[in-house]
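Copied over from Swiss-Prot:
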type   : residues : note
DOMAIN : 13-45    : domain 'LisH'
COILED : 66-92    : coiled coil
REPEAT : 118-159  : repeat 'WD 1'
REPEAT : 161-201  : repeat 'WD 2'
REPEAT : 205-251  : repeat 'WD 3'
REPEAT : 254-293  : repeat 'WD 4'
REPEAT : 298-358  : repeat 'WD 5'
REPEAT : 360-399  : repeat 'WD 6'
REPEAT : 404-429  : repeat 'WD 7'
REPEAT : 430-468  : repeat 'WD 8'
Amino acid sequence: MTMASRSFLTDRQAEELHKSIIAYLTSLNLATTANTLRAELNLPEETFDLAKAKQYEGLLEKKWTSVIRLQKKVLDLQAENAHLKNEIENAGPLALSRKNQDPANWLPKGPPRYTLEGHRLPITSVAFHPVFSSLASASEDNTIKIWDWELGELERTLKGHTKAVLDVDFGGPRGNTLLASCSSDMSIKLWDPADQYKNIRTLHGHDHIVSSVRFVPANGTAGAGGNLLVSASKDNTLKLWDVTTGYCVKTIEGHNDWPRAVAPSADGRWLLSTGSDKAARLWDIGGTEPECRVVMFGHENFNLCCEFAPSTSYPHLARLAGHEKVPPANSAAEFMATGSRDKQIRLWDRRGQCIKVLEGHDNWVRGLAFHPAGKFLISVADDRTMRCWDLSQDGKCVQTLSGMFDGFVSCVRWAPGITKDGLAGGDAGDGTPKKKTGAEANGGVQMRCVVATGSVDGTEGKVRIFAN
């Protein structure tokens, strides 16, 4: 067996290598070593004399330096490949998905994944379906549109209201998700997603514009199995409805002017309402009759939005409030937020004390959404921005999204989370079975890092989807 047969070189390549080595040894005046190698390789001097050896001088050194340069280039390419791979992973959906397996610090960033166009007039509200990748948007063009937010496609348009649709919300009895809408035509409509969004019921009773509607979570004493719906109207009242019968079961009075917005607590026992009287009211609906427990004053103009803080935010808000103890997680109405035409956001405790004023918006604050992990509060406003406030840093504004909205931003929603048992998590609270999607957060809840906004761009309304 020859040396060539034991290598990866062809016979021709091996012969050239041997001649280069002999020429190299000869150039170093190592004649004895060169002659010994000649004999071993059976290269007699008459077939490889000094004249031919001269042709191979320097060839071995050139080959060696070429190998070194090639090796360095390979190392450089490997480093560049690793860098590019890291950039792709940091920017691509797969990497973002990996990062958001712990989504506590995820915040919406531009550009949006989708900008959904189709409404002819401003958008007033958006709402996520608790199970599927469907999103409802309400508009002043009298319609509701259903979108697939994962694909960025329009699924259908719902017509039935005769004036501007002002709010939408998904919820309802266990296993029977419904869509509720309310309008300037003074009516509330219920739509069945399982039956091609058929309008199954229209609720009448308010004497003026109905501006806000929300399903009351099923796990409270007043929840009635997820059958309750609450509405707010320019007739200065809130109403509780049984969606299975369509009857108004309670009328709640107390506001001195239009209660523009209403939100239920996660346990279904409490309601938070706010509006044109510049006050926010905390209602206990767990008893036989609703009772106003706290009235919160402080805003200097009409209030436009309100939200209960999730229990995950209690550690941050308790510190802001100067409380020595963090409230228990099963207490659902410890802290609240309101947004106003005075350009401010106010954070409140359940005693009605304002614990923090968040300032930074340059126009009316239209919508609020707490981060499910509790660390951040998201707000949108007529200054064409979305702001992110870090509650762990005394409410510091840590991010402002601007330049991507062409007009007033009227609403914002965070997609509801999903618990390990497949039921609605977070603030969705409608008891509807849900499939597991998104990253898993603490407490056995899978958090979906998806945020939707509605705005007016020119005269048209646009929905924007921000997702990991």
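Glycine is no exception: its Cβ is also placed from the backbone N, Cα and C atoms.
Keep in mind it's a predicted model, so treat the numbers as computed, not measured.
Below 8 angstroms of C-beta separation, residues 121, 124-132, 134, 136-144, 146, 207-218, 225-227, 229, 231, 233, 241, 243-244, 246, 428-433 of the same chain, each at least six residues beyond the ends of the repeat 'WD 2' (161-201), sit close to that stretch. Mean pLDDT for the repeat 'WD 3' (205-251) in this predicted model: 90.
Per DSSP, the repeat 'WD 3' (205-251) is made up of 3 helix, 23 strand, 21 coil. Only residues 6 or more beyond the boundaries of the repeat 'WD 6' (360-399), in the same chain, are considered here, and those with a CB under 8 A from a CB of the stretch are 103-105, 107-109, 304-307, 309-317, 320, 337-341, 343-345, 347, 405-414, 417, 425-427, 441-442, 445, 447, 451, 453, 455. With helix defined as DSSP H, G or I and strand as E or B, the repeat 'WD 4' (254-293) counts 0 helix, 18 strand, 22 coil. Here the repeat 'WD 5' (298-358) is broken down by DSSP into helix, strand and coil counts: 11 helix, 23 strand, 27 coil.
Per DSSP, the repeat 'WD 1' (118-159) is made up of 0 helix, 27 strand, 15 coil.
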